[in-house]
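Engineer: Here's a structure for you.
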Ligand SMILES: Nc1ncnc2c1ncn2[C@@H]1O[C@H](COP(=O)(O)O)[C@@H](OP(=O)(O)O)[C@H]1O
Ligand SMILES: [Mg+2]
Ligand SMILES: [Mg+2]
Ligand SMILES: [Mg+2]
């Protein structure tokens, strides 16, 4: 099955959305950042990116029935107090569309309609686009890493992924300070099922096939995890790394840029252990998962089961997500299960 048309449309959509987000990050105002009902942040860029990706996909693939599962919805933008924010999104988006040669000026209603195309629930049948318009909004607001993550689900399987990482240097971030200024920044990773993973610069100048690290000795491995302590359990990943014999300190960056960095071998392991009660959403992992899998990695939950994207908006998984290459996975799984067992059994004090 070829997904050429869909890949071309997805790359165009993510590239335009990435350029839009780069522009907005430079001029982001405090008033551009809102807080959603779940207390998580959302910005004019999250909304604008979702509207742009939805608009471009529908324009580039007119014939197909369009189903999009996306993180944001227009609810908060439709209430009276949000007219100014909506206008700002519209102006910022139209600037981008004009500078990208798209001869279309969107109205406020067009913006709301485009955002709301993302209301699909996904599921095991048919085709669904899966979009996180800005993954790592906290990183985006902080001026650090974030990603535009777009995937295609076909009959419940992720078959295509495009990951725009506007702030990720083209050079490895293995252990250097990823904000080092001399590097060109802005990467686009893409993969289709069975065809490998490629990385290009956002401006399309450089382009190469990438592969995950082939490290077999954990002592040489480094691992990636969230920047945000609220999103993962640092003590658990630390214990796993120690059991594995990993010497390097963790590389902590926001968003699915971690999957992109792993796909090109910047690190060998990704550990994600959300705190109790958190349910992972498919848009936080679909694109990253195929990008790193097609580059040679294994992605599983803490029980070693592959992630299942066919169950709607949520990933129902065991405890956390672990990623590494084929050679290290059995060692990693054992370290994970030993650490989880230790964490769940209370420390045995001296017998009284
Ligand atoms: N308590 C929590 N545990 C795990 N992930 C969480 C979380 N709260 C939010 N997230 C998710 O973590 C994503 C960012 O991933 P990372 O931690 O790798 O930077 C956020 O995506 P958004 O920024 O799109 O909302 C959000 O969906
Ligand atoms: Mg969010
Ligand atoms: Mg996200
Ligand atoms: Mg998001």
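Every residue gets a Cβ built from N, Cα and C, even glycine.
Where the annotation comes from TrEMBL, it is an automatic prediction and has not been curated.
Here's the feature list from TrEMBL:
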type: BINDING; residues: 71, 132, 134, 135, 284; note: Mg(2+) binding site
Engineer: Other than 71, 132, 134, 135, 284, which residues of the same chain sit close to Mg(2+)? List them in sequence order, counting a residue when its Cβ is within 8 Å of the Cβ centroid of the site.
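Structural biologist: What remains near the Cβ centre is 46, 131, 133, 136, 137, 147, 149, 255, 256, 281, 283.
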Engineer: If you count Cβ atoms within 10 Å of the Cβ of residue 71 (Mg(2+) binding site), leaving out that atom itself, what do you get?
Structural biologist: 23
Engineer: Taking every protein chain in this structure into account, which of the binding-site residues 135, 284 has the most other Cβ atoms within 10 Å of its Cβ?
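Structural biologist: Of the binding-site residues 135, 284, the most buried by Cβ count within 10 Å is 135.
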Engineer: At a 10 Å cut-off from the C-beta of residue 132 (Mg(2+) binding site), count the other C-beta atoms across all protein chains.
Structural biologist: 32
Engineer: Across all the protein chains here, work out how many other Cβ atoms are within 10 Å of the Cβ of residue 134 (Mg(2+) binding site).
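Structural biologist: The answer is 31 other Cβ atoms.
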Engineer: Please check the binding-site residues 132, 134, 135, 284 against ligand 3 and give me the ones with CB under 6 A, sequence order.
Structural biologist: 132, 135, 284
